[in-house]
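Annotated in TrEMBL:
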type	residues	note
ACT_SITE	C122	active site
ACT_SITE	H255	active site
ACT_SITE	N285	active site
DOMAIN	116-193	domain 'Beta-ketoacyl-[acyl-carrier-protein] synthase III N-terminal'
DOMAIN	239-328	domain 'Beta-ketoacyl-[acyl-carrier-protein] synthase III C-terminal'
REGION	256-260	region 'ACP-binding'
Amino acid sequence: MTTYSKIVGTGSYLPAKRVTNHELAAQLAEQGIETSDEWIVTRSGISARHYAEPDQLSSDLALQAAQRALEAAGMQPNDIDLIIMATSTPDHLGGFPSTACVVQRKLGITNGAPAMDVQAVCSGFVYAMSVADSFIKSGAHKNVLVIGAEVFSRILDFKDRTTCVLFGDGAGAIVMSASQEPGVLATKLHADGSHGHILCVPGSVNNGTVAGSAYLYMDGPAVFKLAVSLLDKVAREALEAARMQSTEVDWLVPHQANIRIMQGTAKKMGLPLEKMVVTVAEHGNTSAASIPLALDQAVRDGRIQPGHTVMMEGVGGGFTWGAVLVRM
Ligand SMILES: CC(C)(COP(=O)(O)OP(=O)(O)OC[C@H]1O[C@@H](n2cnc3c(N)ncnc32)[C@H](O)[C@@H]1OP(=O)(O)O)[C@@H](O)C(=O)NCCC(=O)NCCS
């Protein structure tokens, strides 16, 4: 009998501190940097974002989201036999110990479940889901905790108005379990390292100091152009792999980077905008956390129901992009 992987619980967490465009514009104005609510909303669709407290790490946000996903799945931490964490803002410099291992400890998982981070920036969650799906289908693991968590505010240069207004912090998580019914219907992942320079943190650590910039750099217009052309294509590839039409998709849960990119993708796919889950206005771009945050919100408010077909897709630094088609 075929084994599928199925989402059996979702959870998410946003840090308490909410900063509106008006508040951010006022803070930036004090440093002589000009921006406005009108510019940010018109160009990106973002009205507010949440920022973690200085002592909150990605693992802290991840812990809250994971606990909620476990509760929704009706599971205890030690029921989990694999943890996959998507983050580009890991707790530790160099990424080790992995933030997944930190979350394992904070959740109190003592069963030796393997834990690893996946780095694909804003595509991280679809990458992590695809890895979880493969492990479950292979029979190696049964209950996988998949998390996307970020504290992007730590790598934002608040002197660069072209980037600092766009990102926020948050976490989302799902539990994926082995099931006799689908589940994940198709996954498609891609990368093209030749575009690495248009969205990156250029610096590196050498001899105990940072060489180059430790801040996020983005060529916004170049990213925009690439994203629009890639997302519709990868969503179609996933549909084709599942032998389905876009008309069979109940919900599009895209990476929440920019409302114009999201609307463009929905339009190209022939999906009415009412079928798209949108959280970018309130969350900003939370990178690997944005898809599970949006998914959890739509599950909890009752829009996404068991049996619905959901397309998740994202694009991010690397360049990376991918799509996961699931039946809830
Ligand atoms: C970043 C982005 C919103 C910029 O929008 P845009 O329409 O391309 O704007 P541009 O970068 O061409 O800048 C237009 C003008 O606005 C100005 N500007 C940039 N940021 C600004 C801000 N926060 N406030 C006010 N003005 C700003 C620029 O300096 C420029 O001024 P100029 O014409 O005098 O030089 C857009 O390119 C984008 O969304 N890109 C994709 C980002 C993304 O999705 N990233 C994540 C991928 S995972």
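Even glycines carry a Cβ here, placed using N, Cα and C.
Keep in mind the model is a prediction, meaning the values are calculated, not measured.
Same-chain neighbours of the region 'ACP-binding' (256-260): 43-46, 122, 166, 224, 227, 278-281, 283-286, 290-291, 293-294, 315, counting only residues six or more beyond its ends whose CB sits under 8 Å from a CB of the stretch. Counting every protein chain shown, 33 other Cβ atoms lie within 10 Å of the Cβ of H255 (active site).
Taken together, the residues of the domain 'Beta-ketoacyl-[acyl-carrier-protein] synthase III C-terminal' (239-328) have an average pLDDT of 97. Note on N285 (active site): other Cβ atoms within 10 Å of its Cβ, all shown chains, come to 22. In the three-state DSSP assignment, the secondary structure recorded for N285 (active site) is strand. In terms of DSSP helix, strand and coil, the region 'ACP-binding' (256-260) has 2 helix, 0 strand, 3 coil.
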